[in-house]
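So the structure is just underneath, and the comments pick up after that.
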C-alpha cells in the first residue's frame with residue numbers, strides 16, 4: 001500500500017525534548033486552571049511556617065524572630081521534598097485515566113511524558129518556594145547575604161528536588177491509584193525531613209538520632225541553605241547534599257525508568 | 001487487494017490468562033471492520049496490539065504495511081485511537097486538549113488552533129470549547145475523544161466501543177461521523193458489543209470469543225451462514241396466537257417460537273414456498289395478521305448461534321487458563 005505522506009520513522013532527541021516541553025506546558029495550564037491542585041505545596045507550607053514559628057519558636061530558639069531565620073531555609077528543603085510527590089501522582093493519574101494511552105498512540109518520543117512530568121515538577125518547586133518565601137518575608141525573614149547566593153540556594157534546592165522526583169516516579173509506576181503515591185512516599189519523606197535539623201538543633205537530640213540527623217541529606221541541604229541565605233559556611237554542606245542527590249538519582253533514576261517501561265510497555 | 005490492517009496469529013497472554021489465542025484480521029483500505037464479541041473476548045487487547053500500545057507474544061500485525069513492533073513510530077503516525085483507554089485530559093478544555101495534540105504532532109501553534117476549532121465545530125462542541133472536559137456530558141466527552149483522535153488526519157482509525165453507554169441520539173451522531181470518515185477514505189476498525197452497530201456500520205465483521213475468531217465475513221454472509229430463513233407472523237389480535245401456532249406446527253412439523261412480549265411467532269423454514277401456504281391457511285381460518293414475512297436471521301441470531309457453538313471450545317480456554 002502506498003501512503004501519501006512519508007510517515008515519521010525516527011524521533012530525534014530534539015523532538016523528544018520539544019514534546020517534553022509541550023507536555024510541561026500542559027502541566028502549567030492545569031495548574032493555572034486548578035490552582036487548588038497546588039494547595040498541598042502552598043497552604044501546607046504556610047501552616048507549617050505559622051505553626052512552628054509562633055507555637056514552638058519561643059521554646060526552641062528563645063524568640064519567634066530568631067527561630068524564623070533558622071527555620072525558613074530548612075522548611076524550604078522540606079517543601080521541595082513534599083512537592084516532588086507531584087511527579088509520581090501526575091504520571092499515575094495520566095495512566096489510570098487513559099490520557100497516557102492517547103500520547104502513546106501518537107508519534108512522539110516514549111520519554112516525552114516523563115520529561116513533561118519532571119519539568120512540570122519544577123513549576124511546583126518554584127511555586128512552593130515563592131509562596132513560602134513571600135510569607136516568611138512578611139513575617140520578618142530577611143536574606144542576610146546577596147542575590148547571587150540567594151539564587152545558588154534556590155538552584156540547589158530545585159536540583160535536589162529533581163533528584164528526589166525519581167523516587168516519586170518510581171513509586172508512581174508501582175502503585176495502582178494516584179492517591180497511593182503520597183501515602184507511600186510520606187513514609188520516606190517524614191524520616192528524611194523531621195529526622196533532620198530543620199526544626200530543632202541536632203545537639204538537642206538523643207545520640208542515636210544525632211547519628212542519622214548528621215548524615216541526613218536534608219540536614220546538609222538545610223545547613224547549606226542557611227549559609228547561603230543568612231551568611232556563613234555553606235560549601236561543605238552543599239557538597240554533601242549534592243553527593244546525596246546524585247546518589248539518590250543514581251539508584252532511583254534507573255529503577256524509575258525500568259518501572260516506567262514496564263508499566264507503559 | 002491492499003489491506004490497511006493485517007494481522008496473523010496474534011497471541012497475547014496476561015499471566016495465566018490468554019487474551020488473544022491466535023487472531024487473524026484483514027481490513028481492506030477504506031472499509032469498516034466490526035469486531036464483535038462479549039466482554040472479555042479479547043477485543044480491546046486486539047486493538048491495543050494494533051495501536052502499538054501492547055506487544056503481542058506471538059504473531060504479527062501490519063498497519064498500512066508497517067509492522068506494529070519494528071515500525072511502531074510509523075504506525076503511530078497513521079492511526080487514530082478512541083476508546084475506553086485512550087482519553088482526553090478532563091482538567092483541560094476541549095480546545096486545550098486538541099491544541100496540545102496538534103502541537104505534539106508538530107503543527108505550529110496557529111495551525112493547531114485552527115485544526116482544533118475546525119474539529120470542535122464538526123463535532124458540535126464549539127459552544128463548550130472553552131470548558132473543562134470534566135463538565136461535558138457522556139456524549140460530548142465521547143465526541144471530544146473522537147475529535148482528539150482525528151487531529152492528525154489518521155488513515156486508520158480504531159474505535160474501541162465508541163458508543164457504549166451513550167443515549168440513542170449521541171450514538172447516532174457517532175455513527176454519522178464514522179460514515180463521514182469512511183466517505184473520506186479512512187479505514188475503521190470498530191469494536192462493539194452491539195450487533196446493531198456492526199450491522200449499521202461494518203462492511204466486514206469478525207466475531208471474537210475467548211480470544212479466537214469464531215466467524216468472519218460480511219454481515220450478509222454471516223446471516224446466511226447461520227442457516228435458513230425464519231418465517232414470522234405478528235397476529236393482529238393476541239388471542240389468535242394459539243390458532244396461528246397450530247397452523248405453523250401443522251405446516252412445518254415443529255413448534256414455533258412464541259415471543260409474547262413482542263407479539264411475534266417465528267419458526268425456521270427451509271422452503272420459502274411455505275409462506276403462501278401460511279397466508280392461505282390463515283385466510284381460510286379468518287385470522288388476520290399485521291405482519292407475515294420471511295427474513296434472514298438477525299446478527300443477534302448469528303451471534304447467539306456462534307457463541308452457543310463455542311461451548312465445546314470452553315475446555316480449550318479453561319486449559320489455557322490452568
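Cβ atoms here come from the backbone N, Cα and C positions, even for glycine.
Bear in mind that TrEMBL entries carry predicted annotations, made automatically and left uncurated.
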Of the ranges A:180-200, A:201-221, the one TrEMBL annotates as transmembrane segment is A:180-200
Beyond a gap of at least 6 residues from its ends, the CB atoms lying under 8 Å from the transmembrane segment (A:238-257) belong to 156, 159-160, 162-164, 166-167, 169-170, 173, 217, 220-221, 224, 227-228
One stretch in A:112-138, A:150-173, A:180-200 has more Cβ pairs under 8 Å to the transmembrane segment (A:38-60) than the rest, namely A:112-138
Sequence-distant contacts of the transmembrane segment (A:112-138), meaning Cβ under 8 Å and at least 6 residues beyond its ends, amount to 16-17, 19-24, 26-28, 31, 38, 41-42, 45-46, 49, 68, 72, 75-76, 79-80, 82-84, 86-87, 90-91, 94, 100, 103, 154, 157-158, 161-162, 165, 168-169, 260
Outside the transmembrane segment (A:150-173), at least 6 residues beyond either end, the same-chain residues with a Cβ under 8 Å of its Cβ set are 73, 76-77, 80-81, 83-92, 114, 117-118, 121-122, 125-126, 129, 143, 181, 184-185, 188, 217, 221, 224-225, 228-229, 238, 241-242, 244-246, 248-249, 252-253, 255-256, 259-260, 262-263
Long-range CB partners for the transmembrane segment (A:180-200) (under 8 A, at least six residues beyond its ends), listed in sequence order, are 52, 56, 60, 71, 74-75, 77-78, 81-82, 85, 88-89, 92, 167-168, 171-172, 209, 212-213, 216-219, 222-223
